[in-house]
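Visitor: Have a look at the structure that comes next, please.
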Amino acid sequence: MELYAASHSLPNYPSSFLFKPKITTFHTTLFPTKFAPFKASFFSPNHLTLTTPMNPPTTSLSSAAFVEHNNGSTSTSLPFHPETRVGEVKRVTKETNVSVKINLDGSGVADSSTGIPFLDHMLDQLASHGLFDVHVKATGDVHIDDHHTNEDVALAIGTALLQALGDRKGINRFGDFSAPLDEALIHVSLDLSGRPHLSYNLDIPTQRVGTYDTQVVEHFLQSIVNTSGMTLHIRQLAGRNSHHIIEATFKAFARALRQATEYDPRRRGSVPSSKGVLSRS
């Protein structure tokens, strides 16, 4: 990113004052209010250039060196993550043809067409509430039932997550969220540990929601767990409506996964494990 400060907009303060900027927060004020206004242009997420009367345009600060100076104290204040984490998978069998692309650092874009309308609706929840960009295209033998397409979409999503996470350096690793939807309340807790495990406790009262077989909800989640290598616990705390129970589950899962995949700036890019490595078991 580059920040340009117009020289005519800056008062003539003593150099001793100008050399001690106090950077308070990236999203609101980068300099004391007496320095405003200034023009800002953003180009790169991990690199910035500050241009002031004392800093010619060639002066640049990397994200690792961007610190706050306040009464002699120095601390890293702005975590930058230059690499977009994307996983892309194509899975083809005699039963299905599935393409999945996931951007963990997206904005919630959903583009899903699986031939199973209710599953598309749930994938929209994953994108919207996880702020992931989720693109899923699938064709399959839905004339038989939803089972094969449901399973293979989930297997591909889990593999795409595994790709996108990479070495998992700097992430939170753990996620925990409870989502209400009217009378339904679902709690999800997960660990991107590399060890696949599903603990599933949903009591869905009807066999179908629309044409969607509710028995395959557990199978969908188990398939994601198997290929992504996550530990996933799901608990139903309340709920009577099948649609609400399932949708609250996907919303809670999306928010917990968002927490787990986001960066922890205090880790400074280290692997969140005492072993020093997180890999698919």
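Cβ atoms here come from the backbone N, Cα and C positions, even for glycine.
Look at Swiss-Prot and you will find 1-85 tagged as transit peptide. Taken from Swiss-Prot, the feature substrate binding site applies to Glu95, 121-129, 147-151, Arg173, Arg195, 243-251, 273-275, supported by similarity to another entry. Look at Swiss-Prot and you will find His121, His148, His243, Glu247 tagged as Mn(2+) 1 binding site, backed by similarity to another entry. For His147, Glu151, His219, His244, the entry in Swiss-Prot reads Mn(2+) 2 binding site.
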Visitor: What residues, ordered by sequence, lie under 8 A Cβ-to-Cβ from His219 (Mn(2+) 2 binding site) and sit at least six positions away in the same chain?
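Guide: Those within reach of His219 (Mn(2+) 2 binding site), by Cβ under 8 Å and sequence separation of 6 or more, are His147, Asn150, Glu151, Ala154.
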Visitor: What is the interatomic distance between the Cα atoms of His243 (Mn(2+) 1 binding site) and Phe250 (substrate binding site), given in whole Å?
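Guide: About 11 Å separate the Cα atoms of these two residues.
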Visitor: Taking each of the binding-site residues Glu95, Asp124, Glu151, Glu247 in turn and counting other Cβ atoms within 10 Å of its Cβ, which one has the fewest?
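Guide: Looking at the binding-site residues Glu95, Asp124, Glu151, Glu247, the Cβ with the fewest others within 10 Å is that of Glu95.
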Visitor: Measuring CB to CB from His121 (Mn(2+) 1 binding site), give everything in the same chain under 8 Å that is also at least six residues away in sequence.
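Guide: In sequence order, Glu247 meet the Cβ cut-off.
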Visitor: Who sits close to Phe250 (substrate binding site): which same-chain residues at least 6 apart have their Cβ under 8 Å from its Cβ?
Guide: Met122, Gln125, Leu126, His129
Visitor: Using all protein chains in view, find how many other C-beta atoms are within 10 Å of the C-beta of Ile246 (substrate binding site).
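Guide: There are 25 of them.
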Visitor: Which chain-mates of Ser128 (substrate binding site) that are at least 6 residues away have a CB under 8 A from its CB, listed by sequence?
Guide: Gly108, Ala110, Ala254
Visitor: Counting other Cβ atoms within 10 Å, pick out the least crowded of the binding-site residues His148, Arg195, His243, His244.
Guide: Arg195
Visitor: For a quick check of understanding: among the binding-site residues His147, Thr149, which residue's Cβ has the most other Cβ atoms within 10 Å?
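Guide: Neighbour-count leader: Thr149.
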Visitor: Between the Cα atoms of Thr149 (substrate binding site) and His244 (Mn(2+) 2 binding site), find the distance and write it as a whole number of Å.
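Guide: Rounded to the nearest whole number, the Cα-Cα distance is 22 Å.
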Visitor: For Asp124 (substrate binding site) and His244 (Mn(2+) 2 binding site), what Cα-Cα distance in Å is obtained after rounding to a whole number?
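Guide: Here the two Cα atoms lie 15 Å apart.
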